[in-house]
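All remarks here apply to the structure that follows.
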């Protein structure tokens, strides 16, 4: 028998979990969505899953643990909840792809280090701001050392649900750590702003990068352009508003050239409105990571009898 699909489940039926459900249905790859689990029987996400014939559960993680065929679990709950979920999933031999800022496993950003942690039991997708800005900081750091990176992420207030609002502190800490650990900056800072404007704005990010020393401007611009193209393979609405700008500025390390990048992320509109690019980039990254984990599992598990 040829095994060609890996069963996966989504834990959390809010905005992120529901958008991820539609992405997995649209581009399943080597994955089969076997269950969507939440805790609110009246949630729109569970109702939509039932309407399209996907099994659902309202007892949270319990139904996932009870099905031994589910190998990969996308956790779209909250950082606090994932602390408990991570332990249970590991104890039951499941792979956790964590869409919360809990950071119980190594950080993963698809175009940067997607293949480095395929034996991990738990990987963390950092934050929406991290998925958006870490690739650009890494694009600089791979061609010249980076002393400092700072990102300011502005998202539509309407795109920030209760889970996002509860995780603000975790967002800033985890994003900054990701800019350092994955982006390659020696030091970093992250800031998020919820903009109540109507109509809602697209996700916008401003990234400041202070290189350690001299660098070739054209090499940096080419590296950034290649990274944008790499991210666009799974987030088509990911785009720079202009070419990177390089300005001489006063910094804590003296007069230095500062690389400034203005980034916009438009969502695909699978479930969430297109202005919610901050959520869309998380679910798109999750699907991308899940796809590689599924392929890796199948490469080890496929048998012919």
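Placement of Cβ uses the backbone N, Cα and C atoms for every residue, glycine included.
What you see is a predicted model, and the numbers here were worked out from it, not measured in a lab.
Per Swiss-Prot, the feature active site, acyl-thioester intermediate maps to 128; the stated evidence is sequence analysis. Residues or ranges marked as NAD(+) binding site by Swiss-Prot on the basis of sequence analysis: 13, 14, 15, 16, 159, 160, 161, 162, 163, 164, 165, 166, 167, 278.
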If H, G and I count as helix, E and B as strand, and all else as coil, what does DSSP give for residue 13 (NAD(+) binding site)?
coil
Round to a whole number and give the Cα-to-Cα distance in Å for the pair residue 165 (NAD(+) binding site) and residue 128 (active site, acyl-thioester intermediate).
13
Hey, how far is residue 159 (NAD(+) binding site) from residue 128 (active site, acyl-thioester intermediate), Cα to Cα, in Å?
12
I'd like to know which of the binding-site residues 13, 15, 159, 167 has the most other Cβ atoms within 10 Å of its Cβ.
13
Rounded to an integer, what is the Cα-Cα distance in Å between residue 13 (NAD(+) binding site) and residue 128 (active site, acyl-thioester intermediate)?
18
If you measure between the CA atoms of residue 161 (NAD(+) binding site) and residue 128 (active site, acyl-thioester intermediate) and round to the nearest Å, you get 13
Inter-residue Cα distance where the pair is residue 15 (NAD(+) binding site) and residue 128 (active site, acyl-thioester intermediate), in Å
13
